[in-house]
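Inspection log for the structure reproduced underneath, given as C-alpha cells.
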Amino acid sequence: MLTLSLFLIPLIAGLVLLNIKNKSLASSISLVVSFIQIAVFVYAFSVFKDNSALLTFDKPWLSDFAIRFHLGLDGLSLVMVGLTVVLVAIILLAIKNLNYENIPRLLGLILLTEAALVGVFSAKDIFLFYFFFELALVPVYLIANFWGGENSSKITFKMFVYTVFGSLFMLISFVLLYMRGQSADIESIKVTVSLLPNLIKQILFWGLLLAFSIKMPIFPFHTWLPDAYSKSPTPATMLLSGLLSKMGVYGLIRILLPFAPSGVQMYGEIIIILAVVGLVYGSIIAIKQNEIKRLIAYSSFAHMGLMAGAVLTLSVTGLQGAIFQMVAHGFNAVGLFYIAKIIFDKTGSRSLTTLGGMTQSAPVLTVMFMVVLLGSVALPLTNGFVGEFLMLKAVFDFNHVIGIVAGLSVVFGAVYMLRFFQKTMYGPSNDSTINITDIGAKEMMVLVPIVIVVLLTGVFPNLILDISGSFVNSLGVLNK
C-alpha cells in the first residue's frame, strides 16, 4: 500500500490543484503534499528490508487480458522513487521564487508528473509501465508549451513527436511479448524470454533500445534536446533533465537487459561506441556554447551517453555506476538549471559574453554554484565522482580504447563547466551584473538541499549503492 500511496497522493493533489485559482493556497498544498511524499518514502525505506509486502500493490486491471495494476519497490525502484519525491519537492520550492502565470495549474501539472514517474519506476506490468511512460510526458509537454517562450509550441511538439514515435516501438515489442506468452508480468517474462525465436528477440532488442535511446537521449537521437531544454521554462527543464531523461536509463536496466540479453551481448559494443561518440560530441559542443541553458543541455546529453554505455557493459560496476549517476546527475542538473534561472532573473541575460564579475555582489551564490559545479565535473568527495568513476571503470574494463576515449569527457567536462563559472562569476563586472543582489533565504531553501546531497552522497556513496546493489546483484544477465 505504501507504493500505491506514493502514486495516489500526488495524483489526487495534482487534480485538485488544476481546479484551484488561489496562488497562495495552491503553493501551500503542493509543498505539504511534497513533504508528505517524502515522509511516506522515508517510511517505505525503513521497511524495505524487513517487510517488503508493504511495498507491493497488485490488483486486476484488465482481467480479460491478464493485465494487472501491479506496483512494487525493489532496490532500483526505491532509489528512483526517492530521487523523484525529493527532486519534485525541490522544484516546487523553486517555483515559489519564480514568476509564472497561473501557478496553481503549473503546480498541479508538476504533481501529476510526479505521480506518473512513481508509476514508471514501480510498475511490475509491461503495459502499466508503458502507460505511465507515456503519461509522464503529457504534463511536461503542457508546461513547456503554455509556460514556454518563443517558438515553444513548435519545439515542444518536436519533442513530443520524437518520444511518442520511440515509444511506439516499445508498445510493438510489448504486444509481441504478450502474444507469445499471454503474460504482462515483468518477472514472468524474464523467465520465459529465453524461449522466444531469434527473430522475436531481435525485434525486442531494437524496438526497446530505440524507445529508451530517444527518451534519454543518446546519439544520434538527441536533436530534440537542445531546443527543448533551452527554450522550455525552468520547471519543465528541471523535470526533463532531472527526472524524465532517467526513464530511458531505467528502461535499459529494468526492461532491455532482462528482456533482450542476447541482443545486448551481440550489439552492445556498437551501441556503447555510439554512446561514447555522443559523450565526446556533446562535451565538445558544450565547450563552444555561449548560451547557458544550451551549455547545460549538451552537458546533460553527454552524461546520458556515459550512463547508457556503462549499462550496456553488462557489468555490476557499470550498473552500479549508472544508477548512482542517475541520482547525482538529477540533483546536479536541477541545481545548474535553477542557478541559470537565478542568473537570468538578476541580469536579464543567459549569454556568457555579457556576464562576469558576479562574485563581487553575490558571494553566497558563488559558493552554491561552485559546489554544484564541482559535483558536475566529478571532483572527488562529490556525488559526480562516484558514478563517473564506476562508469568509466566499467567501460575501460569492457574495451580499453573505448574507455580511454570516454575518459576524455572528464577533461572536457572540466573545461566547459569551469568556463561557465569563470565567465559568470569572475572577470570584470558590467552594466548587467554590477548592481545585482545576492541570493536570499528563498533561493537558499532550494540550493542548500542540493549542496547537501552533492557532498553527502559523495562522501557516503553506500547510502545509495547498498540499496541499488540488492537489485543489481539479483540481475541474472550480468557478466560476473
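Cβ atoms here come from the backbone N, Cα and C positions, even for glycine.
Record features (TrEMBL):
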- 123-410: domain 'NADH:quinone oxidoreductase/Mrp antiporter transmembrane' (DOMAIN)
- 6-22: transmembrane segment (TRANSMEM)
- 29-48: transmembrane segment (TRANSMEM)
- 68-94: transmembrane segment (TRANSMEM)
- 106-123: transmembrane segment (TRANSMEM)
- 129-147: transmembrane segment (TRANSMEM)
- 199-218: transmembrane segment (TRANSMEM)
- 239-260: transmembrane segment (TRANSMEM)
- 266-288: transmembrane segment (TRANSMEM)
- 295-316: transmembrane segment (TRANSMEM)
- 322-344: transmembrane segment (TRANSMEM)
- 364-386: transmembrane segment (TRANSMEM)
- 398-418: transmembrane segment (TRANSMEM)
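In summary, the transmembrane segment (322-344) does not lie against the transmembrane segment (29-48): fewer than three C-beta pairs, each 6 or more positions apart in sequence, are under 8 Å. Fewer than three CB pairs closer than 8 A are found between the transmembrane segment (266-288) and the transmembrane segment (29-48), and contact between the two stretches is not assigned (pairs 6 or more residues apart). Tallying C-beta pairs under 8 angstroms between the transmembrane segment (68-94) and each of 29-48, 199-218, 239-260, 295-316, 398-418 places 29-48 first. Between the transmembrane segment (239-260) and the listed ranges 6-22, 129-147, 295-316, the one holding the most Cβ pairs under 8 Å is 295-316. Within the same chain, residues 133, 162-163, 165-170, 172-173, 176-177, 180, 193, 224-225, 244-245, 247-249, 251-252, 255-256, 259-260, 262-264, 266-267, 271, 274-275, 278, 301, 304-305, 307-308 sit at least 6 positions outside the transmembrane segment (199-218) and bring their C-beta atoms closer than 8 Å to a C-beta of that stretch.
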